[in-house]
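K.L.:
My structure is below; once you've seen it, I'll send some questions.
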Amino acid sequence: MDPTDQKIRKQVAYYFSDINLPFDRFLYNETRKNKGWIALQTIASFKRMQMICSDFDKVLAALKAEPLDDLEINDRNQIRRKSKLVKQNFFYRTVYVDGLDDYENVEGQFQLLDDLEETFGQFGKVIGIRLRKEDEKPYKFKNSAYVTFDEEKQAVEAAKKQQVEFRGKNINVMTKKQFKQKEDPDRQKQKKKNIFNAFELEKESALHYKDISRSDAEETAKNAKGKIFAVFEKSENEGYVFVRGKLDLKALGNNMKRSNAEQYKEACELRKQRSLKRKAEKDEEENDADKKVKLDGEPEAVKAENPAEDAAPQEKASEPVQADAPAPETVKQE
């Protein structure tokens, strides 16, 4: 098979793998629509795929050349995973590496991933690599990464080296367990809250209520042993209650049901709109605060004369690199 075709198939298989899909917010949410089917045009639009091959017809041909393990493609050029996600423990199969150099752009990021895979391939099959970044914008690269192997013994063997030659210099290597033992416990708790995990999401339910008030809906959900974490009103007497935990469905009554596929989609859209609204409000507050700091920090004489000329030119903020987002934007990472 053509080398490019092999790369296409390998990358698509990775997207739907147990090490990526459960932790990929965008892609996982897409699999919850349309019975799991996702347009191949969407997959092909990811930056990583575009770098491998920008010709959609070639991508399509490569994926259809031979059956894909655990994936199927229909006659509408849509793809989905056949089996359910399997919760695996990758912790002991992962090593932490640091001492990596910065990369300048997304091409440099992907090249770094490829080089890491090639270097650590000497210890065994590498099934995933995650570059570590700061939690806040501009998501600066921490010059470190997690490399996950197919088997625990391969990770142990790599960690025994303590240092590995990479791009002409030595980088530090240790097991993820060793790294976590050194990390601040409070920092670990904070990061855990920010990580998307589909297995946690599976415990969530969106309950649709109608012809009752919001307060009555919340009370009903509590009686059904649901732990409420979000409520979205569609109208005065209709909306959705998001809950976690195993529900007593009999306690929901006649005015509240577990949402069907269409209702769940609507509930997620309401959730998304609220999230975007809050983000916009936060950004506006930060912008107002920045303006106030600038004004308060300038001498009055400068303000009075010509602030437009005296102000330093504003650089365009660089957008965070999100490795595999379709254009425009998706929360997708390598």
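The chain as shown is numbered from 1 upward.
In case you wondered, yes, glycine gets a Cβ from its N, Cα and C as well.
In case it's useful when we look at the structure, here is the feature table from TrEMBL:
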DOMAIN    1-90  domain 'HTH La-type RNA-binding'
DOMAIN    93-178  domain 'RRM'
COMPBIAS  271-282  compositional bias 'Basic and acidic residues'
REGION    271-334  region 'Disordered'
COMPBIAS  289-303  compositional bias 'Basic and acidic residues'
K.L.:
Using DSSP, how many residues in the compositional bias 'Basic and acidic residues' (271-282) fall into helix, strand and coil?
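P.N.:
Going through the compositional bias 'Basic and acidic residues' (271-282) residue by residue, I get 12 helix, 0 strand, 0 coil.
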K.L.:
How does the domain 'RRM' (93-178) divide up by DSSP, counting helix, then strand, then coil residues?
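P.N.:
The domain 'RRM' (93-178) comes out at 28 helix, 33 strand, 25 coil.
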